[in-house]
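Let me begin by presenting the structure, written as structure tokens, before commenting on it.
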């Protein structure tokens, strides 16, 4: 006898499945009291600790099981990051890895930057950042800043209000007009704003939620970018003139309206005429800072103060030859001019010590097309078109290059310089490395090891005649994070020019005697973290002493006051604090009489 398997009718099968689901959906009050945290918050990069969450934290936060059961403390996590970082073969690959880390583990990322500053700096800043900016559209993944285009005129405040954080204290803004040694990079310049502002946190401890990178996209005249299908910016030629300046004015006003009048506004990589124009326009009406002019100026002056310490010659007795007349060279020249005047020289006497050499040769009173900012340094003398001839005639104690022209300081130039000075100083400041006026090896070789050399990009140690030289890096990261820290903590109204002399003096004094004895004009980059606090305290003290702070009363201990505001690079408990409460006696057995409340 055979039986056929009965199949439920389609409608009956549907009903049975519905009944099954209804049993599953029956309310179970045994678990309804448990408050489940949103695990998306816990795994957000700002809060995520990864394997550093304790088992108790994982269970109480409702994220147990999202990670393997093992536990790693912060030091073990740093070691894992270091191993991963080393495993990446090229600089671009290393950048991609740590950029991803910044979104997954924010605190771990900044701690890695701080602990490995000297190694990571060339990756997140120059020279690798130059490569990233050149191909920014290929690397763009995350909305790490605000893009405000020329088409947002009349609505800039609306765009600023779209930013995810509402307590912004500092912005780093660029229009991509002159990025590193690359020229006009348009909206790709955002990479610089992001890279710079990350150092505010890693080196100075400014909380990342207080920081906003901004790109003002007003187009580009870079034809390669306009033709690049991966370019992320507005495909128009760069807007100039009144329209551009009105756009900038609206941005500055909207920033103050949105975030407050003492918001720190860092201008970065604007073309030289615009950089100087906006600095002159906004320096005393806003808390405004231009790193290319003032940051570079303070850094350069600090190196020259250390040349003075090493050679035992006073700055006022030296001749300075600046090759290049861009924002960096002019920033240092003007800072030096102010310093010389502070030593008793008149304006004309101070200017007579400083010579500029641009693409047309030595800047003289008869030179054509002299930029307004360079006229102070024009000399009443015959023109000199050749750099070697200029060095031979002027016999400068310090030769400074900020041209973006790699190899400009040739063997002949360097030998001529060394012929007239016992300890010549060479500042080869252009970035990235292939744009540097001369390498460290060339400088030491062609001056027979007598040069005091520093560069904008890092160079490895050089051995000459059996002696090891460690080139100093004249990197603005030694000053701008501290300037931002001091200005933000003191809530500066504005930042006067004299402030940067204090910054330069602080940086110069921070260079150890040991490094000076080795011919190094600056502290090591690995010291940038501790130096940022020193600079920040110097800036804040200046602001408090000169009545330029919105903080009242003035803190008794400025250093302690600043340290309390700094972003912690150690993990804290992810659980809210608990504390004991007394047991209150119960009122059992007593009549409860309700008052007439109607």
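Positions of Cβ are set from backbone N, Cα and C atoms, glycine also.
The feature transmembrane segment, as given by TrEMBL for the ranges 275-296, 297-318, 319-340, 341-362, sits at 319-340.
Counting only same-chain residues six or more apart in sequence, the Cβ atoms lying under 8 angstroms from the Cβ of residue 178 ((S)-malate binding site) belong to 184, 269, 270, 271, 272, 275, 326, 327.
A count of other CB atoms within 10 A of each Cβ picks out 268 as the most crowded of the binding-site residues 268, 269, 292. The average pLDDT computed for the domain 'Malic enzyme N-terminal' (102-283) is 95. Residue 125 (active site, proton donor) is 10 Å away from residue 475 ((S)-malate binding site) when you measure Cα to Cα. The number of other CB atoms found within 10 A of the CB of residue 196 (active site, proton acceptor), across every protein chain shown, is 26.
The residues near the divalent metal cation site, meaning same-chain residues not in 268, 269, 292 whose C-beta sits within 8 angstroms of the mean position of the site's C-beta atoms, are 174, 178, 179, 192, 267, 270, 275, 290, 291, 327, in sequence order.
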